[in-house]
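So that you can see what the record holds, here are the features copied from TrEMBL:
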type	residues	note
DOMAIN	9-142	domain 'Yip1'
TRANSMEM	20-38	transmembrane segment
TRANSMEM	44-62	transmembrane segment
TRANSMEM	74-95	transmembrane segment
TRANSMEM	101-120	transmembrane segment
TRANSMEM	129-147	transmembrane segment
Amino acid sequence: MPMPSLGYNRQVVRDNPDFWGPLAVVLLFSMISIYGQFRVVSWIITIWIFGSLTIFLLARVLGGEVSFGQVLGVIGYSLLPLIVIAPVLLVIGGFEVVSTLIKLFGVFWAAYSAASLLVGDEFKTKKPLLIYPILLLYIYFLSLYTGV
């Protein structure tokens, strides 16, 4: 949870973009999502790369100073909340209302984490314009996992 009160420093993540860590997270998410269908792994990686490209282009158009590597890393690492809620959904699968609330919590947590890491002080007023496509991307990732 990227909160300054917890000792979080956004500049550390933004100054040192990573590729292999987010790739490992995306591969873990795809392994959780596939249930034996290995052809889905390439689709999830493709959605991660092109979704990150779309977020990168939107951030640049809105005036943000981010690189593609930063966006790729942030979008990849922010899949962790969806990985965290996956075992919970397996346990609570029969309760539709609780399951839906947990899914919403995971998607909003992932979108908030990604937006907090990407949106700098230079375009704080335009944050909702970037949060919406990030939210849609994580809803799509969740739909790949749940099949809905």
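Just so you know, glycine gets a Cβ as well, placed from its N, Cα and C.
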Long-range environment of the transmembrane segment (74-95) - Cβ separation under 8 angstroms, sequence gap at least 6: 13, 18, 21-23, 25-26, 28-29, 32, 48, 51-52, 55, 102-103, 105-107, 109-111, 113-114, 117-118, 134, 137-138, 141-142, 145-146
Long-range neighbours of the transmembrane segment (101-120), counting only residues six or more past its ends (CB under 8 A): 1-3, 10, 13-14, 55, 59, 64-66, 70-71, 74-75, 77-82, 84-85, 88-89, 92, 126-127, 130-131, 134-135, 138-139, 141-142, 146
For the domain 'Yip1' (9-142), mean pLDDT (0 to 100): 83
Helix, strand and coil residues within the domain 'Yip1' (9-142) as assigned by DSSP: 111 helix, 0 strand, 23 coil
